[in-house]
Amino acid sequence: MKNTIVIKLGGVASDNLTDDFFQQIIKWQAEKKKIVLVHGGGHYITKMMKALDIPVETKKGLRVTNKQALEVTKMVLIGQVQPAITTAFQKRNISVIGLNAGDTGLLEADQINDSDLGFVGKITKVKTALIEQLLAENIITVIAPLGINSAHDWLNVNADTAACEVASALNAEALYLLTDVPGVKNGAKIIDEIATDEINKLQTTDIIKGGMIPKLASAAFAAENGVGQVIITNSLENPGTKIKSKVAIR
């Protein structure tokens, strides 16, 4: 969708939205850009799980999600994180609406074939009609990373993956993956640009690890599937690291 910008907010990033962030959103809207946000909430999910004495586990950067963890994830994402984001927009008189998998089955997903991960899903389809309808009315959409399978079971979906799938489905002109670091680091230095075919090498040499592994895998998917530009950064003003299709690392 021409002139569409997708922004993924990490759990911590969503709690620290600055005036500069909102000024950039307002500027883009004045330029007739359409804005979609996909939010995470891992920090708050972990905090709630610990408070409820539910074990917190991850595997290859993904949260292990049993039935209890899934219910906590839904509660935190839809009941805490998303309302905080939409309220921040409303305070600035910016039209916004929160969406989740329960809205027209927005994100269809299949359960990942890994019994250790539990109720973790991979998106198979993004139903863009509702999103496009809202964008046509200049309403910003804020999407929780939860999917629903063919049996109408809810699944936890990695927020980076969800954002990249949404951006690809909309053929977005840009995708910003906002996180708590200013870009992908090689030691103390930020890598300006990464080619999708160089990501495996960065992983095997331990330049990327932990949660950055699925983040870069998702970014590579977006870069190779219709998204104009993909940027990993900590703010909309920071150039961060650009992920490009098969371009040498600089």
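Just so it is clear, glycine is given a Cβ too, placed from its N, Cα and C backbone atoms.
Remember, predicted model here, so these are calculated numbers, not experimental data.
Pulled from Swiss-Prot:
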type	residues	note
BINDING	GLY41, GLY42, ARG63, ASN156	substrate binding site
SITE	LYS8	site 'Transition state stabilizer'
SITE	LYS215	site 'Transition state stabilizer'
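What Swiss-Prot annotates, mapped onto the structure for a quick look.
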residue: LYS8; record: site 'Transition state stabilizer'; DSSP (3 states): strand
residue: GLY41; record: substrate binding site; DSSP (3 states): coil
residue: ARG63; record: substrate binding site; DSSP (3 states): strand
residue: ASN156; record: substrate binding site; DSSP (3 states): strand
residue: LYS215; record: site 'Transition state stabilizer'; DSSP (3 states): helix
Quiz item: Including all protein chains displayed, how many Cβ atoms other than that of GLY41 (substrate binding site) lie within 10 Å of its Cβ?
Solution: 27
Self-check item: Residue among the recorded positions LYS8, GLY42, ARG63, ASN156, LYS215 whose Cβ has the most other Cβ atoms within 10 Å
Solution: LYS8
Quiz prompt | Pairwise C-alpha maximum, in angstrom, for the residues (GLY41, GLY42, ARG63, ASN156) that bind substrate according to the record | solution = 12
Quiz item: At the level of the C-alpha atoms, what whole-angstrom distance separates LYS215 (site 'Transition state stabilizer') and ASN156 (substrate binding site)?
Solution: 16
Quiz item: About how far apart, in whole Å, are the alpha carbons (Cα) of LYS8 (site 'Transition state stabilizer') and GLY42 (substrate binding site)?
Solution: 13
